[in-house]
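Taken verbatim from Swiss-Prot:
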type	residues	note
BINDING	H161, C196, C200, M207	Cu cation A1 binding site
BINDING	C196, E198, C200, H204	Cu cation A2 binding site
BINDING	E198	Mg(2+) binding site
MOD_RES	Y218	phosphotyrosine
TOPO_DOM	1-14	topological domain 'Mitochondrial intermembrane'
TOPO_DOM	46-59	topological domain 'Mitochondrial matrix'
TOPO_DOM	88-227	topological domain 'Mitochondrial intermembrane'
TRANSMEM	15-45	transmembrane segment
TRANSMEM	60-87	transmembrane segment
Amino acid sequence: MAYPFQLGLQDATSPIMEELLHFHDHTLMIVFLISSLVLYIISLMLTTKLTHTSTMDAQEVETVWTILPAIILILIALPSLRILYMMDEINNPSLTVKTMGHQWYWSYEYTDYEDLNFDSYMIPTQELKPGELRLLEVDNRVVLPMEMTVRMLISSEDVLHSWAVPSLGLKTDAIPGRLNQTTLMAMRPGLYYGQCSEICGSNHSFMPIVLEMVPLSYFETWSALMV
């Protein structure tokens, strides 16, 4: 969950988000080292009077600044590709949920159950209870079992939307006429908030997403009551 004046990413709740946080720190360290080197060279150029106006050729320097960037790019690309394949791979999901984007709400269908589907609208500000979050609460939360692989099928009924939950490392476009999929797994129970992350019209800001991750026994009880 985000909080005011937060500078970093949200706390990771899924294995994918943990990997993304590690990759973020890895890449940021490389950027920091490169920036420090460039600033150091600039400071030397500004503070020294030594120049090399007669230098016409420097094979060693050219070799270094060709090979070194290539190595740096490889060090960034390899972990990035690993995470991309992890995000794309879905093996034997325990549950499948289909979500459709609408202007301006989400609808959900649990495809493993016959009649388990509902719409999820934002709760207006004037109807919020004490402690509830403005522009983030919904009338029907998406209840899912924790520590289990869940496949999300995502599409749209009208315009482009994007289904995103930052603490789980999820952001998948909802495209009319196309069915995209992603996978999620929460390692601990709780409420996880997200929003539509694709500008989709005048009420784009009023399409929150709330996932309620619960133990499997609670989920089975909830699903039996909903069907």
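A Cβ is built for glycine as well, from the same backbone N, Cα and C atoms used for every other residue.
Shown here: features listed in Swiss-Prot, placed on the structure.
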| residue | record | contacts (Cβ under 8 Å, 6+ apart) |
| --- | --- | --- |
| H161 | Cu cation A1 binding site | G101, D173, A174, C196, E198, C200, M207 |
| H204 | Cu cation A2 binding site | W104, C196, E198 |
| Y218 | phosphotyrosine | none |
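Taken residue by residue, the topological domain 'Mitochondrial intermembrane' (1-14) breaks down under DSSP into 0 helix, 0 strand, 14 coil. When Cβ atoms from all protein chains are considered, those within 10 Å of C200 (Cu cation A1 binding site) total 21, not counting its own.
Other residues of the same chain near the Cu cation A1 site, with their Cβ within 8 Å of the Cβ centroid of H161, C196, C200, M207, are G101, Q103, W104, W106, S162, A174, Q195, S197, E198, G201, H204.
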